[in-house]
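Colleague: From TrEMBL, for reference:
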DOMAIN    66-558  domain 'Major facilitator superfamily (MFS) profile'
REGION    1-23  region 'Disordered'
TRANSMEM  61-79  transmembrane segment
TRANSMEM  99-119  transmembrane segment
TRANSMEM  131-150  transmembrane segment
TRANSMEM  162-181  transmembrane segment
TRANSMEM  188-207  transmembrane segment
TRANSMEM  219-242  transmembrane segment
TRANSMEM  254-274  transmembrane segment
TRANSMEM  286-305  transmembrane segment
TRANSMEM  326-346  transmembrane segment
TRANSMEM  389-408  transmembrane segment
TRANSMEM  420-441  transmembrane segment
TRANSMEM  453-476  transmembrane segment
Amino acid sequence: MDSTSDAHYGPMQGDPIEAASSNQAAECRDLAGEVHENETEMHRLPSLVVSNDPEGPRSNLKICAIMLALSLGLFLSALDQTIVATATPTISADLHSGTGYVWIGGAYLLANAASSNIWANLSDIWGRKPILLAAVALFFLSSIVCAAAIDMPMLIAGRGLQGIAGGGLLQLTTIVISDLFSVRNRSLFLGLIEFIWAIAGAIGPLVGGALTQSVTWRWIFWINLPISGVAFLLMFFFLDIHNPKTSMWDGIKAVDWYGSLSILGLTIMLLLGLDFGGDTFPWNSPKVICLIVFGCVMALVFVFCEKRLAKYPLMPLGIFKEMSNVACLLVGFTHGFAFLGAEYYLPLYFQSAKAASPFHSGLLILPFVLSEAGLSLAAGIIIHRTGRYLEIIWIGMAFVVCGMGLFINYDATSSLGKIIGYQIAAGLGCGLLFFPPLLALQNNVPQSANASATATFCFVRNVAMAMSVVLGGVVFQNSMDMQQSTLIGAGLSASTTEELTGAEAAANVVVIPSIEDAGQRQAVKDAYALSLRNLWILYACLAAVGFVASLFIGRQQLRKEHVEMKTGLKEKSSMSEDGRLDV
């Protein structure tokens, strides 16, 4: 049943609706809806959440309190994706593990991707609020593990736990907003959320670089404790949303365990196989082949589990039946691949080819992330006022292709103007694409399937982000391996060349300033810039695929009708029986 058919506004206090005939009641509800829409066009905060209780829609004050609580949780998740970018070389050197460079960020993103659908499934069963609080608590504890890490395996384990928690914070924030607001009006709130996400991404490298230089990199993780504590309290007291009474045992039985385990297996094995291939092990080694093959097998197992075994599946497979839905997911994938790769590897370019300090590299990436922040907010305002989203997606993808293409021109002698200008071009495109493809997808499925569609979109984008760091690391390491003969020809010793190539290359950028000979130092900078050039080519090609995919997204009027979604087993059983969970 289409969600738009049963959407209605609850009776207003003192209104004659209840006493009217059924036809008159419908007319009154339409009139109330028109009045409400006119009010929102006068730039009021759109309190368009329909409530089934006698109090009617939530007040603007309640909406502000809910958004504040959600924003702080999302801020944590976003901050920890980029705060380590400028500090990673120092962390790797301090823990004596050059090979761990990629996995300080990769473990977070991999765990984030693998767990995202599971969080949505749990929140459908036990409610959004308790599961959000559990995600914040896990983030608090995992930050302690990272801050106290005595070696690289302990740090990577902590980062994996942080990624699981961060995936829950990101996923559930988006789902709660989708539960509360109509597609048309949620664009404004999603734009605000993505603005906060981008701001966290902007200050992350700065904070990470400043703490690494002035105190210790461990404060990158200690700083999470007070923030997560405040986020927990705000959510506990102010997150006023529906909370079902589901018993622990009934909830455990309802979890899609087969789907959860298979999606974890396929994500981890595929990404590990891609990461190990070419540098840690040859591509034709049994370990790499087995990981990739069994990852693909687990993908088939996951499809079987979702189609045949799961009562409440993690991912609605029907979402892939429509070309427009697939195009939305592909745009989300290519966008996530490009923007996270840029945020992660631009600091490496600044610290290697431009010999910038961690803090200075955090300053240099500001044009990119601030452009993202401004345009994500602008996209939300434009869509809220006009209802048009396709043009924004097309323009965004075009700018991403151009921006990543311009990055290919970066070398060791690039001017400051070129560094800033190219980043702005890429940032404009990335900022426009954070949520419009998700809105297009949500608008094309029934409202009752919004949570699962949102979870699917977030999973696809999170996998892309993890693949971006992992595959980017593989391309960079293999490219640096090819620079060995050039570096030796420039006069560097065999031991120094070994430090600066292959798996150790990213972690050992701290060695560059210590090279005394100016010619040799320049040769090293050129080698890094040339190797990173191959990354930008990869990202530009993927962005081009996303642009082509965006042309297949269908145009529909964004829905304004909305009924607040409820969670819990009783509600899921009811929707499952009458087919409202079908896409």
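For all residues, glycine too, the Cβ spot is worked out from N, Cα and C.
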Colleague: Where among 162-181, 254-274, 326-346, 389-408 do we find the most Cβ pairs under 8 Å to the transmembrane segment (453-476)?
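Modeller: Most Cβ pairs under 8 Å with the transmembrane segment (453-476) come from 326-346.
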Colleague: Determine the mean pLDDT over the domain 'Major facilitator superfamily (MFS) profile' (66-558), rounding to the nearest whole number.
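Modeller: Mean per-residue confidence for the domain 'Major facilitator superfamily (MFS) profile' (66-558): 87 out of 100.
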Colleague: How about the transmembrane segment (61-79) and the transmembrane segment (219-242): at least 3 CB pairs under 8 Å, pairs 6 or more apart in sequence, or not?
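Modeller: Answer yes, regions in contact.
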Colleague: Taking 3+ C-beta pairs under 8 angstroms (sequence gap of 6 or more) as contact, is the transmembrane segment (326-346) in contact with the transmembrane segment (420-441)?
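Modeller: Judged by the Cβ rule, the two regions touch, with the required three close pairs present.
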Colleague: Which stretch, 131-150, 188-207, 254-274, tops the Cβ pairs under 8 Å count with the transmembrane segment (420-441)?
Modeller: 188-207
